[in-house]
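For reference, Swiss-Prot has these:
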| type | residues | note |
| --- | --- | --- |
| SIGNAL | 1-18 | signal peptide |
| DISULFID | CYS21-CYS32 | disulfide bond |
| DISULFID | CYS26-CYS40 | disulfide bond |
| DISULFID | CYS31-CYS66 | disulfide bond |
| DISULFID | CYS50-CYS74 | disulfide bond |
| DISULFID | CYS68-CYS81 | disulfide bond |
Amino acid sequence: MLKFVVVICLVIMAITFAEKCGDQECGEGTCCLDYSQQHCSRLGKLYDMCSDPNDKTDSGSHIFFCQCETGLRCDKTSWSCQKG
């Protein structure tokens, strides 16, 4: 039981101290996602799920997926990164 309590406390601490992000804080090749918590995630590679680069929240974060990396586009039919 004590181990369970310790694990729960660690999870709560991790959530409490999680770094908030914006695209300015995320490094090159990443974007800020606002999915349950804000966190940096890598840009979409070929066939990865993606979001339109213009679809952002008021704070500048993406909701579920990052935009595609340079040279790829987000196909709005399949919502996946495709070539050019």
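Cβ atoms are placed via backbone N, Cα and C, with glycine included.
Each of the disulfide-bonded residues CYS21, CYS32, CYS66, CYS74, CYS81 was assessed for Cβ neighbours inside 10 Å, and the highest tally belongs to CYS66. For the disulfide-bonded residues listed here (CYS26, CYS31, CYS40, CYS50, CYS68), the lowest count of other CB atoms within 10 A around the CB belongs to CYS40. Among the disulfide-bonded residues CYS31, CYS40, CYS68, the ones whose Cα is located within 10 Å of the Cα of CYS21 (disulfide bond) are CYS31, CYS40. Checking each of the disulfide-bonded residues (CYS40, CYS50, CYS74, CYS81) against CYS31 (disulfide bond), the C-alpha distance stays within 10 Å for CYS40. For the pair formed by CYS68 (disulfide bond) and CYS32 (disulfide bond), distance between Cα atoms is given as 13 Å, rounded to the nearest Å.
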